[in-house]
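Asker: Quick one: the structure is below, and I'll ask about it shortly.
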Amino acid sequence: MFPHEEKLIRERLGREPNELEWAMLEVMWSEHASYKSSRPWLKLLPTENEHVILGPGEDAGIVKFDDETWVVVGIESHNHPSAVEPYGGAATGVGGIVRDILCMGARPIALLDPIRFGPLEKERNRYLFEYVVKGIADYGNRIGVPTVGGETEFDESLDSYTLVNVACVGIMRPEHLVHSYVTEAGLKLILVGNRTGRDGVHGVTFASEELSENTEEDRSAVQIPDPFTEKLLIEATLEAVYTGRVKALKDLGGGGLTCAASEMAGKKGFGAVIYADRVPLREPGMTPTEVMISESQERMLFAVKPEDVEEIGRIFEEYELEWTVVGETIEEPRFVVYWKGEKVADLPIELLTEVPTIEWELKPYSAEGPVETPDVPFERAFDLVWGSPNILSKRWVWEQYDHEVQGRTVLKPGRDAAVLKINDEYGLAFVADGNPNHSYLNPYQGAMGAVAEVVRNLVSVGAEPLALVDNLNFASPERPEVYWSFAETVRGLADAARAFGLAYVSGNVSFYNEVVDRPIKPTPVVAGLGKVKLEAIPNGGFEEGLLIGVVGLTKPELGGSELFARLGVEGGLAPRVNLEEEKANANGVLEAIRRGLVRAVHDVSRGGLAVALAKMAVAGNTGFTADLSKVPSETTNPIEVAFSESHGRYIVAFPEENLEELKGLFKHFVIIGRTGGSDAVFLWNGWELLRKPVSELKAVHESLPMLLGEEE
C-alpha cells in the first residue's frame, strides 16, 4: 500500500484503523486483489457478443454452448508462489481456478497450463520446471480434472523465475447458475472445507511486489495443496447447488475470508458480520488477523437462508467436510468482525471493495529496428529451430497428466487445440497462446498476434471461435515502460477481439513479475473456446498421396522469431497482424473443413513454415516434398520464407480432386508439394535445400527428457 492510499483511508474513516483493519485493507488494496493499476485499461476490452451469458466481474465467465449447456471459463496465474515453492505453488494454482469454475455452479471438466521458465541449462530452472509440472499433474490427476493442453516455453528473461498460468473450463445447466454476490440481508454465511491455518497469510501482498533474492523467506506465503479435500468439495458443492437453496457462493482464494465475505456482501450494497472465532483452525493460538487473511486452500463460502442451513450442512457431512456458520449478511453496508464476543473490526464495506485506481506514468520504448537476416546455411537454421526446447514435443509434460479422465477428451495434447466431447454431435475446443518475444518487440502487435493465433488454432481443428479469456503477466507497473507495454497490450487485445467479433468473459492480471530488478518480457496469454462438429475434425498430420497447400502470405518477419532467438539476434520487426486477411483465411479454412475438402490442417506460428511442415510429417509419420520458392511471399530469401513467423497462415493437405474448389476460398493459396515417402524434403526452385528422414525428425522432436538429464 502506498503512503497516499494510507492517508486517504484515514481521511475516509476519520480515524486510525486498528491492526486487523489495516491487515484487511492491505489485502483488499493490494494490486492482486484490487486490480487498481489495470482497471483503467481493462475497460477497453470487449466483453459482450451473442455467445456471452456472463462477462468479467465474477469468479469466472459464462458462454452459451447450446440451449441445455453453458460453458464456464476462467484463467489465473500463480507466478510468485510457484517461483518460491514450485510444487505447492503450481498445485494450489490449479485448485484455485477449479474452485472459481465450481462456485458458478459448474462441473470443472478440463485444464490448460501455459507455463514458462528460464533456460534448461541451469539447474534451478530445471528444478522449477520439473516440480511445477509435478504439482499440476498431482493435483489435477487427484481431483479428476484432465489437463488437456497448454504451452511450455523457455526464455532467458525468466532465469530463476516461472510464469504459471492455469485456465479451467466447466459445464453447467442454465438453471444451476449461482452468483458470487448476495441480493438480500439475513443470509447465513457457511464456511466449508479445510481448516484455516497460517499458510498463505499475506499471500496477495506477496504477489503484489517483486521477489527478492532471498525467496526462501517467502515460503509461508505459499498455500498448502490438499487435492483430496478439493475432490470432496467439488462433489459436495455441486450437490448443494443442485438443491436450488444456495443464494451465493465464493471460493476463498487471494485475501481469504476477508476478500470472499466482503466481495460477496458488498457487490450489491449489503454488509456482513463475521464471527472469526468460529472459524475451525488448523493451528493453535491464531490471531483474528491471521484468521481473516489466511489463504488456506480448499475452502468455500456459501450464503443460504437460515431455514436451509441444516439441509446444506447435512450434504457437507455426507462428504465428511467440516462446516460452520461464520457470519451473516446485513442491510447496513459495513464489514464487522467479532472475536469471542468483542467487536474487533468495523469498516464501511466499500472501503474494502471499492479501491481507487492508479494510473502510472507511460513511457514508450522501442525494441524494434531493422536487422539483416543472417547468412546461415539452411540445414543449420533448421536444426537450431527444430531442436529448440520451445519447439520440441512436450510429451514429457503431458504424459504426467491424466488427460483422459472423465472420458471427454477427443483431441489430446499436442494438437493445435484440445477438443472435449460435450454431447454426441458437438465438442468444445480449448487452447491457450502467447508470444513474449513478439510482445517485447511490439506489445500492441504481440497482443493482436496472440488473439490471432488462438483463432487459428481453434479453426485448425474445425472449431468456430466463441469467446476469450486473458492472463496478462507483466513486471512492475511502477516502471513507465512496463505500464506503457501493458496499455499497448490491452489495446491490441481489444482491437483483435473486436475484429473477430469475440469477447473476453474473464481474465487475470499479474504484475510485479521480476526477480532482483530484472523484469520479465510482457507476456499476455490468451485462451479461447470454440464449438466444433465432432465428425468434422481434420487430422493434424500428413498421410500418403495428398497435395500440400499454403494459405496466406509470408513476409520477411523474423523479429522475435525462434530462429533469431536461437541465433542470438536481437531486434527486427515483430510480425504485423492483418486482421482482414486473418479473418478471411480463418473463414476460408473453416469452410474447407465443413465441406470436407481437406484431410489435415495446421496453423503456422512459432518456428515458421519449416517447423509446421515437419510437425505434420512427424504427426502423420509420413514424409513430404515441398518447394518453398512457390510459397506466396514478399521475400525471395529461403531462410525468411522457411522461418518467418508471419500471421494468417495455414498448411492444408488434401486430395487432388478438391484443388479447384479450394482455390476459390482464398486470396493467397498455392500448392507447394506433395505428401509421401519417409523423408522430409525441402526444395528451392527444384534444388534440394534439406532432406531428413521423418524418423530422425521424430527422434529430435521427442528429445526433451534428454535436456532434463533423463534417458528415454
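Every residue, even glycine, has its Cβ placed from backbone N, Cα and C.
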Asker: Which of these, G434, G501, G507, does Swiss-Prot list as part of the ATP site with Y35, D470?
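Answerer: Answer, per Swiss-Prot (ATP site with Y35, D470), from G434, G501, G507: G507.
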Asker: Excluding Y35, D470, G507 themselves, which residues in that chain have a Cβ inside 8 Å of the centre of the Cβ atoms defining the ATP site?
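Answerer: Same chain, not in Y35, D470, G507, Cβ within 8 Å: S38, L42, L45, P56, V469, N471, L472, Y504, S506, N508, V509.
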Asker: For D251 (Mg(2+) 2 binding site), just count the other CB atoms lying within 10 A of its CB, please.
Answerer: 24
Asker: For a quick check of understanding: among the recorded positions H32, H78, R99, which residue's Cβ has the most other Cβ atoms within 10 Å?
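Answerer: Selected residue: H78.
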Asker: If you measure C-alpha to C-alpha, which of Y35, D100, N508 (binding-site residues) come within 10 angstroms of S77 (substrate binding site)?
Answerer: N508
Asker: Specify the nearest of the binding-site residues E76, N79, D470 to D100 (Mg(2+) 2 binding site), where nearness means the distance between Cα atoms.
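Answerer: Of all the candidates listed, E76 is nearest in space.
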Asker: Inside 10 Å of the Cβ of Y35 (ATP binding site), count up the other Cβ atoms and send me the figure.
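Answerer: Neighbour count, Cβ to Cβ under the 10 Å cut-off: 18.
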